[in-house]
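Peer 1: What follows is a single structure, and I will ask about it in a moment.
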């Protein structure tokens, strides 16, 4: 394997492991008793402190003037991509194992495709294989998420003492919490997908990605502070009481929103968004191993079946997107070749070489 490909492969694996660690760290933070709102406020303060300097200095010449309509769009982006996205995630994680939270997150590409298709931002051609693959993948992914939500199933490891204590509880409470957690995580995925779809028109009007993220983060932080004014009036809830709590907050802000974010940009820039997304199920496997080893979490048959369906659906959607781009590229090259032949016939000479159009910057994942 060439050194550059090996470096990219190691980078995308490191990215998935860092994001897997965020699931475990967030679950541990909730187990320690940290308030969800306080956790998200601190995380976004650290994220903003990391993003803002880069956005200011690197995009100083690229930033268009801010208008009132743009500020409203940034507010809505924050409401969808930060407040609802992060809020639903932590509410879901409170009731659900991080393994299944990570598994359900694999529905995001399918949900994003469905939203984009409804808004006519994505073409759906059912007469082509790639169109059928994207639709089929969306249906299978959503079906897998439905299986996880409605069917918990039997535990895989009966000798787990932690599981035995859970099974000793009444049957209705754990199932209710399981379903509620899945619903919250699906809300998180819908918010995440909506955020990515809404970014498209905003970035056309304001083509400065880091500045968009920084402004979105500012509005998200203000929204969380507004919620905290009504829900976290006790100032003692804002105190970091242990080294463990401090480490979870620092990991969320510095690693998940800092190091992993930068690594994600690098991986997408070198390998493309599809290459990066293909490795997303690695994150789910890593979370399952970490959750079992560190948190003593149990795996259930319903969750495994649903996770497998979601991953199958994910790869159908990714294959469809890849095939669609390849077909569009071949069509463009064919048109360029025909244009060159026509020019040579008219001028009686060789047509000048035409460079391939530079691919647009890939969209970042949340």
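From the backbone N, Cα and C atoms, a Cβ is placed for every residue, glycine too.
Bear in mind that TrEMBL entries carry predicted annotations, made automatically and left uncurated.
Quick paste from TrEMBL:
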DOMAIN    16-148  domain 'EamA'
DOMAIN    180-318  domain 'EamA'
TRANSMEM  37-58  transmembrane segment
TRANSMEM  70-94  transmembrane segment
TRANSMEM  100-119  transmembrane segment
TRANSMEM  131-151  transmembrane segment
TRANSMEM  175-198  transmembrane segment
TRANSMEM  210-229  transmembrane segment
TRANSMEM  249-267  transmembrane segment
TRANSMEM  274-294  transmembrane segment
TRANSMEM  300-319  transmembrane segment
Peer 1: Tally Cβ pairs under 8 Å between the transmembrane segment (175-198) and each listed stretch (131-151, 210-229, 300-319), then give the stretch with the top tally.
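Peer 2: Out of the listed stretches, 131-151 contacts the transmembrane segment (175-198) most.
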Peer 1: Should anything in the same chain at least six residues away from the transmembrane segment (300-319) have a Cβ under 8 Å from its Cβ atoms, list it; otherwise answer none.
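Peer 2: For the transmembrane segment (300-319), the sequence-distant neighbours (Cβ-Cβ under 8 Å, at least 6 residues beyond its ends) are 97, 99-100, 103-104, 106-107, 109-110, 113, 130, 133-134, 136-156, 274, 277-278, 280-281, 284.
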Peer 1: Can you tell me how the residues of the domain 'EamA' (16-148) break down into helix, strand and coil by DSSP?
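Peer 2: Split by secondary structure, the domain 'EamA' (16-148) comes out as 106 helix, 0 strand, 27 coil.
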Peer 1: Can we call the transmembrane segment (274-294) and the transmembrane segment (70-94) in contact, meaning three or more C-beta pairs below 8 angstroms at a sequence separation of 6+?
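Peer 2: Checked: the transmembrane segment (274-294) vs the transmembrane segment (70-94), no contact.
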Peer 1: Restricting to CB pairs under 8 Å, which listed stretch, 37-58, 70-94, 100-119, 210-229, is in contact most with the transmembrane segment (249-267)?
Peer 2: 37-58
Peer 1: For the transmembrane segment (100-119), what are the same-chain contacts with Cβ under 8 Å, counting residues 6+ beyond its ends?
Peer 2: 20, 23, 89, 92-93, 134, 137-138, 141-142, 144-145, 148, 181-182, 185-186, 188-190, 192-194, 196-197, 277, 280-281, 283-284, 287-288, 303, 306-307, 310-311, 313-314, 317-318, 321, 365
Peer 1: Could you give me the DSSP helix, strand and coil counts for the domain 'EamA' (180-318)?
Peer 2: 122 helix, 1 strand, 16 coil
Peer 1: What is the average pLDDT across the domain 'EamA' (180-318)?
Peer 2: 88
